[in-house]
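Report on the structure given below.
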């Protein structure tokens, strides 16, 4: 019975070692596993205690507790029992003041990166947002994106709407001037046509008289064709500032613009690969050109060359717009759409009456001097006028050259006798004639 008991104990010990060996295969390092097997084999502990210690060791390895700590004996305790120390703190108290832990803000300050309210690098970190008007636009868009929380496509749309609303009083003023100018269009065009004809034929006196009459007419009726240029002159620097601001942001590029788009154009720093947005931009631009001519002065609408030029602008600009960054094409499309909404809003009779915009009078071609000609006829008339003006200019230049020569060169002889001497008498003339006969 004693031999059987000893064999059972040996088998139990071998079984325990086999289980421990399976655990060893899952250990992180073979060195720790070897130490563990050596210590377990020499201590003669029970299988339950060994498995418990292994489980505790396996759980505490991630806390930087070695196997020697787990298998440490308590020499003061009776029976040489095993004790497991308390796991150390994940972050030691003295580690917080360690020079190896560097604040992230210090690193960003050293590399010159400043974060905005959204936790993204601000415009100054990209070299943008200066004191030029384009820099002001970039700061305004950054405020809408970082502080208000708008995505970039919505920030561009909101900025476009804000600019158009700020220019709305000038749009109303332009509508009032166009309606007032339309009332006196026939008489104004008649005087202008007479002046152009007199100037083409070189009749300076008649041209001066007609110019004076035309100026008196415009002053009396309080009309001025150049007032229609006030709105475009104000819009031009604003458009250029926004254009350079958005192009600079796409060229930097601002990292958040890569995911700040909408629908099929997520990346706002590259051109639209589908060409859908450039096509929409050119289409809305063509409608804006058409509506702008119809709601402006009739002088522009009745000019065939101007109308054909406005129709050709979207086609000419398409090769350039298709290579623009998507943020520029998106802005232009938003600006055109807002302009169309403004024009449609101002066509409502109740709105025009509330804003004091008079009804625009429409004239037929029979009411206006001359008929509306086609492109070819208009081009021929323009070419003939240019040739007539050129002839008049050459004649004027020849007169000035002859006058300069007369003042600087010798006096040409335009008389038969020298006026500085006494005139010849009849006897002298007869005597000179008899000498010639002989």
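Just so it is clear, glycine is given a Cβ too, placed from its N, Cα and C backbone atoms.
Under the heading domain 'Membrane insertase YidC/Oxa/ALB C-terminal', TrEMBL lists 152-346.
Helix, strand and coil residue tallies for the region 'Disordered' (403-438), in that order: 18 helix, 0 strand, 18 coil [DSSP]. Look at TrEMBL and you will find 403-438 tagged as region 'Disordered'.
The transmembrane segment annotation in TrEMBL covers 152-172 (among others).
Residues annotated as transmembrane segment in TrEMBL: 228-246 (among others). Beyond the ends of the transmembrane segment (228-246), by six or more residues, the same chain brings 132-138, 141, 156, 159, 163, 167, 170-171, 173-174, 177-178, 181, 296-297, 300, 325, 327-328, 331, 335 to within a C-beta distance below 8 angstroms of the stretch.
Taken from TrEMBL, the feature transmembrane segment applies to 275-293 (among others).
If you look up TrEMBL, you'll see 305-322 (among others) marked as transmembrane segment. Tertiary proximity for the transmembrane segment (305-322) is limited to same-chain residues at least six positions away from its ends with a CB under 8 Å from its CB atoms, namely 271-272, 275, 278-279, 281-283, 285-286, 289-290, 292-293, 329, 332, 375, 378-379, 382.
The feature transmembrane segment is assigned by TrEMBL to 328-346 (among others).
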